[in-house]
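What Swiss-Prot records for this protein:
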- 1-32: region 'Disordered' (REGION)
- 1-26: compositional bias 'Basic and acidic residues' (COMPBIAS)
- HIS75: active site (ACT_SITE)
- ASN148: active site (ACT_SITE)
- TYR362: heme binding site (BINDING)
Amino acid sequence: MSNEREMQNKKDQQLESFRVEDEGKKLTTNQGLKVSEDEFSLKAGERGPTLMEDFHFREKMTHFDHERIPERIVHARGFAAHGEFQVYDSMKEFTKAKFLQDPSVKTPVFVRFSTVAGSKGSAETVRDARGFATKFYTEEGNYDLVGNNIPVFFIQDAIKFPDLVHALKPEPHNEIPQAQSAHDTFWDFIANNQESAHMVMWAMSDRSIPRSFRMMEGFGVHTFRFVNEEGKAHFVKFHWKPVLGIHSLVWDEAQKIAGKDPDFHRRDLWESIENGDYPEYELGVQLISEEDEFNFDFDVLDPTKIWPEEEVPVKIIGKMTLNRNVDNVFAETEQVAFHPGHVVPGIDFTNDPLLQGRLFSYTDTQLIRLGGPNFHELPINRPVCPFHNNQRDGYGRQTINKGQVSYHKNSLAANTPQPASEEEGGYAHYQEKVEGRKVRKRSESFKDHFSQAKLFWNSMSEVEKNHIIEAFSFELGKVQSKSVQQQVVEMFAHVTSDLAKPVAEAIGANLPQSEGSSVTKSSLALSQENTIKKPDTRKVGVIIDNGFNGDEVKQVLNELQSKGIQAEFISDKLGIKKCAGGSEIEIDHTFLTGESVLFDALYVVGGKEVDPSFKDDAVYFIKEAYAHFKPIGATHVGIKWLEEQEIVEKEGVVTGTDMNIFSQNLTGAVMEHRHWNR
């Protein structure tokens, strides 16, 4: 679908000039010379030595030897898509950013989702924060909102970032473990850098094992500024709210998917867009006037703190739709360069010390990863508006600048290109008053590390709290150092003993004495139990064999599909299965290739005469789906299999002989996502 579309926006039109279709063409060298042979190198005789004059071999091999570029130090494993953003109403009251003014304007975007810790080839369903980086191609230049799916971070000052990443990455003496935080150095860092407490609570929650990129929130993490035409500023935090709601995997399921389909999240995103089920996210902002900066019990500049939505409501201002897959992952997803310093008039920075460090680091890392200062000229990074300056030369330069002048000020070119006034669209930094002594120290207002960690805990449902306890128990159970284990338990005892004590018992640590923070506040916005629940794009595995009731299956599938639910057929063999009346269904997966963990729900149909091995495989699927709290529907022989497992009357298990009622009940069960009360 994505390769057979009309040009959708200015960015798509720009990229079209760089796209190349090789199918049906003659093979050439990079110099355009047609090649007559591509299977054998040039040799002196059939069994003789290869000749150095074989320019085609040398070009082909040299290019191959240099195909790889350094992967990102963090966020190496990522996948991306194109789309568009549209503001709902003008935000003129708060910002002069043009792309936030006109509801009729669609701004092209490019969004890259990623894990943080793992290498480029690591699994996607690991426990980890997820990157959520958006590049807006606006008429005023590129604006990058470089965020995560968690609204806070581990550290407050960017100078600690190398230490955090060194601790999180595989341990250097043996390069183990990959894409995991369950090891000694990470938890040693956490215990000795207790500002991380709030972020760790999020990381140990279900937020760090999302069901899909389409079902996770995004956050700008930092505090930025909106500045309007009059020069008035507001502190702002950015939120992406998924239209499908916020949903997660369970931990056992996530680990199994990592082995069964390490590309699970990118496959889900790719297939959704190819099927026309375009992911949608609403953009929300929290706004605090500068006059109210000190009216809260948190510092608005602290990146380890949220602004609770009950205190600072999220104003929904627009929607982003991802509607086109990339044409080439390397050229687009791998070579895209995000940078929080890519801003437009009306959006400015604050003194968040983590943000300030990122403003240096992102440009610096692109220089080595993309080979020099001209990464902005790569097709995916080019703005859709013209750019003119006196930057010249360097590796990979593509622009051919005409004229003799490449400096400012000048008279030979009438002092052009010349700076634009603020009225002409020139970027003017917000005139913040700054004063103080040069010091290396933490603000007193940054020193409360546990209150919001307790707020997060208070906001969780009992199920979510149990998942956090289990996650801590798993992670610390992998830690070899008893000292580190004990330090972490004592650290989180300052949050709540309701967490620290069961974790201590699980790993054999001494029970902590602290009862934890006295904070009693909670926030409904933090629990996934309060999220939107929709059946759209859920995937149901239909276990089926020859002799099934064709009319009943058709009726059920029609109901599921009318609600946007997708069905895929699973059996013992690929090929065709026939119903009792003769109609046919083509099988999508065998029991070997389609695991229950790859589906949101099961619909167990069976068949007229099922052999024992088919039943054994079907029952395995049923048991695993049930253990992962997934909806299960069954008819006919499927009901018997559920009865044998004594789960027919359990929540989220749907049976029946009236197909109208059965179909509606199964749809409702699928919409709930998980059924925890069983």
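Numbering starts at 1 and runs along the chain as displayed.
A Cβ is built for glycine as well, from the same backbone N, Cα and C atoms used for every other residue.
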The residue listed as 'heme binding site', number of other Cβ atoms within 10 Å | 17
Once near-sequence residues are set aside, which residues in the chain of ASN148 (active site), 6 or more away, have Cβ atoms under 8 Å from its Cβ?
-> VAL116, ALA129, ARG130, GLY131, PHE132, GLY218, PHE219, VAL221
For HIS75 (active site), just count the other CB atoms lying within 10 A of its CB, please.
-> 22
C-alpha spacing of the residue listed as 'heme binding site' relative to HIS75 (active site), in angstrom | 12
Reduced DSSP state (H/G/I helix, E/B strand, rest coil) at ASN148 (active site) is strand
